[in-house]
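Here is what Swiss-Prot records for this protein:
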- Asn13: N-linked glycosylation site (CARBOHYD)
- Asn21: N-linked glycosylation site (CARBOHYD)
- Asn185: N-linked glycosylation site (CARBOHYD)
- Cys330: S-palmitoyl cysteine (LIPID)
- 1-41: topological domain 'Extracellular' (TOPO_DOM)
- 63-72: topological domain 'Cytoplasmic' (TOPO_DOM)
- 94-110: topological domain 'Extracellular' (TOPO_DOM)
- 132-154: topological domain 'Cytoplasmic' (TOPO_DOM)
- 176-207: topological domain 'Extracellular' (TOPO_DOM)
- 229-251: topological domain 'Cytoplasmic' (TOPO_DOM)
- 273-295: topological domain 'Extracellular' (TOPO_DOM)
- 317-353: topological domain 'Cytoplasmic' (TOPO_DOM)
- 42-62: transmembrane segment (TRANSMEM)
- 73-93: transmembrane segment (TRANSMEM)
- 111-131: transmembrane segment (TRANSMEM)
- 155-175: transmembrane segment (TRANSMEM)
- 208-228: transmembrane segment (TRANSMEM)
- 252-272: transmembrane segment (TRANSMEM)
- 296-316: transmembrane segment (TRANSMEM)
Amino acid sequence: MASQTLVVFQASNQSQLPPPNATLCDGAQEAWHLLHKVLPTCVVAICSGGLLGNLFVLSVFLVPRRRLNAAEIYLAHLAASDLVFALGLPFWAETIRNGFHWPFGAPLCRVVNGVIKANLFISIFLVVAISRDRYRALVHPVASWRRRRRRHWAQATCVLIWTAGGLLSIPTFLLRSVQVVPELNVSACVLPFPHEAWAFVRTVELNVLGFLLPLAAILFFNYHILAALRGREQLSRTRCGGPRDGKTTALILTLVAVFLLCWTPYHVCAFLEFLLHVRAIRGCFWEDFTDLGLQYTNFFAFINSCLNPVIYVFWGQLFRTKIWELYHRCLPRKLTAVSSSRRKEIFQIFWRN
């Protein structure tokens, strides 16, 4: 999924760049050395997994020539968002490896960071939309729209989400620039704030619009989803279509839990950065903790983009069924000596949890 920044260097000189001449807390230099040495390799590995995994997920959703239902539309868009985000990771890895030197020029500085910023919002807004769709299907099944209307609503919602992500990333596209940082002897891709008030605006945008409000909606929807599942467990076993709905809901609940686990530490560190900027907290410990924390929690958030395909395969029984459908379509007719039912039985045994 998306990250707010590759490198942040504000006009006030508060940054994620390591301050070389400042007095560091014990162990900070070693922590920065470890970051420059180990993190780029890990990011490249995550990039590879994210690209391959999300391409596979999209192929499973889009190759079969049939209409996707509402839940599948949202999940396909989430995979597309993760895929676009993963494309920006090699730039971040190379920047860390070079000690925060940006060798790719100003246009890519704006484009790469703008796309990553947009996908931060797109990913969490999609998780909200997915949770809301399950909420309507399970908590208000009678009032839930017909399948066709739900599909159209899902398509329109995804268009609005991608548009909102693009609009919220406009300041990044406009303000990002490559500037010389004499203290580090590098030309860094930085985000200089034109006014001190921008620090507050950025915090509202990132932590409130990009996390707290969506988090409240996600918790609300999923609390009621879990309550509905507990109250209707017996009914779901006998109702036509119940097992399919339950499988989809289990997959989505897992995606939501992993998403929050990966992204919450980053937003905590981003808020601490704001507190440092306004001098609400001070001191060597908080500066080093926040600067290093933003880098490492960025990496932890990156893991989400390659974990989602793994969740689809190992927790999503419905997704595995779609893989079987794709396999059945692509299977050469010459191999029909084994009965279709037998091949499906073998395939299901292979994927059994």
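Every residue number used here counts from 1 along the chain in the order it is shown.
Heads up, the Cβ atoms here are built off N, Cα and C, so glycines get one too.
Assigned with DSSP, the residues of the topological domain 'Extracellular' (176-207) fall into helix, strand and coil as follows: 11 helix, 10 strand, 11 coil. Remark: the transmembrane segment (155-175) makes no contact with the transmembrane segment (296-316), by the rule of 3 or more CB pairs under 8 A.
Recorded stretches compared: 42-62, 73-93, 111-131, 296-316; the one with the most Cβ pairs under 8 Å to the transmembrane segment (208-228) is 111-131. Residue counts for the topological domain 'Extracellular' (94-110) under DSSP, split into helix (H, G, I), strand (E, B) and coil, are 9 helix, 0 strand, 8 coil. The DSSP breakdown of the topological domain 'Extracellular' (273-295) into helical (H, G, I), extended (E, B) and coil residues amounts to 17 helix, 0 strand, 6 coil. Helix, strand and coil residue tallies for the topological domain 'Cytoplasmic' (63-72), in that order: 3 helix, 0 strand, 7 coil [DSSP]. Looking at the topological domain 'Extracellular' (1-41) alone, the prediction's average pLDDT is 57. If one looks beyond the topological domain 'Extracellular' (94-110) by at least 6 residues along the same chain, the residues whose Cβ comes under 8 Å of a Cβ in the stretch are 6-7, 17-18, 35-36, 39-40, 43, 172-174, 176-178, 181, 184, 186-189, 295.
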